[in-house]
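Chemist: Structure provided below as structure tokens; questions to follow.
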There are 2 protein chains.
Amino acid sequence: MASWIEIKEDSDFSLRNLPYGVFSTDGPKPPRIGIAIGDHVLDMSVLAADGVFDDIGFDVKTITGETTLNSYAAQGKDVHSKVRKRLQDLLEKETKLGSLLRDNQGRRARALVPMNSVKMHLPMAIGDYTDFFIGLHHAVICADVIKPGAKIEQLCPCFYNLPVAYNGRASSVVVSGTPFHRPRGQVPVENGQIVSGPCRKLDFEVEFACFIGKGNAFGQEIKVDQAEEHIFGFVLMNDWSARDIQFYEAPMMGPFNGKSFCTSVSPWVVPLDALEPFRTLPSETPMKRLLADYLTGKKTKSAYNIPIKATLEANSERYDIATCNTNNVIFSFPQMLAHHTRGGCPLRPGDLVATGTLSGPTKAESGCFFEQTRGGKEPYELKALKMGKGSVQRGFLEDNDTVEFRAQVSLGDGLGNVGFGVCGGKVLPAL
Amino acid sequence: MASWIEIKEDSDFSLRNLPYGVFSTDGPKPPRIGIAIGDHVLDMSVLAADGVFDDIGFDVKTITGETTLNSYAAQGKDVHSKVRKRLQDLLEKETKLGSLLRDNQGRRARALVPMNSVKMHLPMAIGDYTDFFIGLHHAVICADVIKPGAKIEQLCPCFYNLPVAYNGRASSVVVSGTPFHRPRGQVPVENGQIVSGPCRKLDFEVEFACFIGKGNAFGQEIKVDQAEEHIFGFVLMNDWSARDIQFYEAPMMGPFNGKSFCTSVSPWVVPLDALEPFRTLPSETPMKRLLADYLTGKKTKSAYNIPIKATLEANSERYDIATCNTNNVIFSFPQMLAHHTRGGCPLRPGDLVATGTLSGPTKAESGCFFEQTRGGKEPYELKALKMGKGSVQRGFLEDNDTVEFRAQVSLGDGLGNVGFGVCGGKVLPAL
């Protein structure tokens, strides 16, 4: 799968990947759909307008006429697989379709945009955003931090029986690179006085999320074995959290302002097909469990083995926070979608569905400071990525900290990586 | 405020009201924006296209080119007040603008549509839907049902200090008249076995909600004293709830599938201006409380005195459930919006923001069966609205039950009512 376009060995964007994004360039052209390939963005609107997809059998206006991926995602998996095949055929070194792109200098110049010249946008208009809570170690450790000695099934009796979730705030989801101000909010009363001001326990959360392609009708469930038909692709997600605000407001109704100030996603939506080689089993639960029929599917390798690396940048130095993995979950995406729609709730193209924090069992695998520092009580030492550059301590995030997530997988055959680009954001001081 | 259009004495839609909705008629015309007046819908797209609003100074394409109210709502309160004034001038008996509508037979025929010939649609594309929990008696009674003897501030320490809320599911909000199937879901394990099936504790909730007009930018709060500038108008809302599913899933993350199968809203958005005469104070809290600065506004009469009547229809007979009131709240809409945006969360035109259940202190004022029947344990007797037609008992809702909410207020001067139309829905058997 070598390409006639130069793809560096460490690139996230090999021919195996071909993730979708929405980009713009300087000038009057509105944002448009592109594909990441090496250090370039392939402008899909140029190819679609030039008829390169005309024989595939879908409405190319879902590419040429749109500033988000929603309409294209709604076309369904068959179309996406055919377009993906066409793109690989166009881009591979020994392409038989050379005249369509490689050997057409004019079209190449219009269609291939250097990645360092583009601005990325939120790839989809998000109708609803759902955040699950299916990370095994995250739940187990958080339970113990919240109430020392407590097991998660004591705090949340359904935890092992169904994929727990809450509705997040769609309007505050932003694309990687968007900075945000430390949120203000209310925290528990001190000395009989209301306490209102900037968050004192600002945290990140390492998550993995899918965007919905084809939706389901009001009242109709999605069966677990058909659920992958509804997944368009995946992104990395940082569910920034204000722990002090969250824990004060959440006892009856769950998280609200503690989460709704910012949620960051990586800009490139990696197709389901690109992750096929990286399937694995979800985590085992500590005790044997029964599952309801609607959660019991045929496909066993329904999770993915993708390490996600989190780093902190402070004072121009980068530090290692942790490496999580998308397989630290006790339910799969198909199970999440089956549960989500079990009562008839409609999912729509562009909806964002996330896993919750993907911690492993050790501190070096913990996906938030809340776990690493036991609620801020035990500051954690982050080592610099560059040898000899020392370390910094954090209880929670400080102003001007930048947190970034990266994930890249390969088959080790030298034929290219599947990566997500950066999911990053910077904490600005409170207003 | 008499009109040259006949408005029956008991009509919801006097000249004082003029609520906005989205309607369609048989034929090829797409859904369009209308105003309810007596037994008619005034087609705003006809008036706008004919130039009737041209001197008001806003983009009339926000009416003529749209199938929802979002773009029009985003124009802001000044525009809405001017358009309202123009509509009252057009429709009042002694109109000075007779040539624009009353005396123009052709335009009248095109613009005035009998209400019984229209189909109503969801008035706005809802980006996010937020449900608050600010009903005083609802919270107090529910706390005691959940844990006999418990006070709400024990279960939810912040209850009196900030307006508690959760994010609802925007995709499952439907317009009045849309039936839904009893949801299926998981409930607590019985005898070591997973229990999954149709909800056994299906409930309604009497709520009041606003649609957002002008939004706020990411990171920017809305100040409590400016918050009404962001409110487009109000609807009645039924937050249908599956209590067994809800209480099993909610301990850590709040309600999810217990609420996301259906939420009904009345079709007519009653403008803020129409409710001006019905202002009142929010409820007193049982103990004196301090409020954070961001929740402390100048306007004291920030709630509304609007009784909402809930009825049940079963076997072709209608029964009285309860009469709630929009003033049974301990926070106002401006306080809700100020809190919602305090951390920088963006509200967007079309967002739906609801109060939570509006129960009064007695069973006859309780806005859900959960309160009336103490969680289903004490069946409640509903009396028929027609004398001599007996009564029915309910613990929770049964299949084929229809629940409807109505609200109508007037100044008692014979010059017309402000009502909301019906907010109703029917429970179909589980699939």
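Just so it is clear, glycine is given a Cβ too, placed from its N, Cα and C backbone atoms.
Per TrEMBL, the features are:
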DOMAIN    B:17-123  domain 'Fumarylacetoacetase N-terminal'
BINDING   B:Asp131, B:Glu205, B:Glu207, B:Asp239  Ca(2+) binding site
BINDING   B:Phe133, B:Gln246, B:Thr357  substrate binding site
ACT_SITE  B:His138  active site, proton acceptor
DOMAIN    B:163-417  domain 'Fumarylacetoacetase-like C-terminal'
BINDING   B:Asp239, B:Lys259, B:Thr263  Mg(2+) binding site
Chemist: Can you name the binding-site residues among B:Glu205, B:Asp239, B:Lys259, B:Thr263 whose CA is within 10 A of the CA of B:Thr357 (substrate binding site)?
Modeler: B:Glu205, B:Asp239
Chemist: Need this for a regression test: recorded positions B:Phe133, B:His138, B:Glu207, B:Gln246, filtered to those with Cα within 10 Å of B:Lys259 (Mg(2+) binding site). What's left?
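Modeler: B:Gln246, listed in sequence order.
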Chemist: My understanding is the cutoff is Cβ-Cβ under 8 Å with a sequence separation of 6 or more in the same chain; which residues meet that for B:Thr263 (Mg(2+) binding site)?
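Modeler: Within the chain, B:Thr263 (Mg(2+) binding site) has Cβ neighbours under 8 Å at B:Tyr129, B:Gly168, B:Arg169, B:Ser172, B:Val173, B:Val174, B:Met237, B:Asn238, B:Asp239, B:Trp240.
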Chemist: About how far apart, in whole Å, are the alpha carbons (Cα) of B:Phe133 (substrate binding site) and B:Glu207 (Ca(2+) binding site)?
Modeler: 10
Chemist: Going by Cβ pairs closer than 8 Å, show me which of the recorded positions B:Phe133, B:His138, B:Glu205, B:Asp239, B:Gln246, B:Thr263 neighbour chain A.
Modeler: B:Phe133
Chemist: Counting by DSSP, what is the helix, strand and coil composition of the domain 'Fumarylacetoacetase N-terminal' (B:17-123)?
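Modeler: Tallied per class, the domain 'Fumarylacetoacetase N-terminal' (B:17-123) gives 42 helix, 22 strand, 43 coil.
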Chemist: Please classify the secondary structure at B:Gln246 (substrate binding site) using three-state DSSP.
Modeler: helix
Chemist: Using a Cβ cut-off under 8 Å and a sequence separation of 6 or more, which residues in the same chain sit near B:Glu205 (Ca(2+) binding site)?
Modeler: B:Asn238, B:Asp239, B:Trp240, B:Ser241, B:Gly356, B:Thr357, B:Gly367, B:Cys368
Chemist: For the domain 'Fumarylacetoacetase-like C-terminal' (B:163-417), what's the mean pLDDT in this predicted model?
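Modeler: Taking every residue in the domain 'Fumarylacetoacetase-like C-terminal' (B:163-417) and averaging pLDDT yields 97.
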Chemist: Residues with Cβ closer than 8 Å to the Cβ of B:Gln246 (substrate binding site), same chain and 6+ apart in sequence?
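Modeler: In sequence order, the residues whose Cβ lies under 8 Å from that of B:Gln246 (substrate binding site) (at least 6 apart) are B:Pro255, B:Asn257, B:Gly258, B:Lys259.
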Chemist: B:Glu207, B:Asp239: which of these binding-site residues has the sparsest Cβ neighbourhood within 10 Å?
Modeler: B:Asp239
Chemist: Can you tell me how many other Cβ atoms are located within 10 Å of the Cβ belonging to B:Lys259 (Mg(2+) binding site)?
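Modeler: The answer is 27 other Cβ atoms.
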Chemist: Where B:Asp131 (Ca(2+) binding site) and B:His138 (active site, proton acceptor) are concerned, what is their Cα separation in Å, rounded?
Modeler: 14
Chemist: Would you mind checking how many other C-beta atoms are within 10 angstroms of the C-beta on the residue listed as 'active site, proton acceptor'?
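Modeler: I get 28 for this one.
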Chemist: What whole-number Å value do you get for the CA-CA distance of B:Glu207 (Ca(2+) binding site) and the residue listed as 'active site, proton acceptor'?
Modeler: 11
Chemist: Using CB atoms and a 10 A radius, I'd like the single residue among the binding-site residues B:Asp131, B:Phe133 with the highest neighbour count.
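Modeler: Result of the Cβ crowding comparison: B:Asp131.
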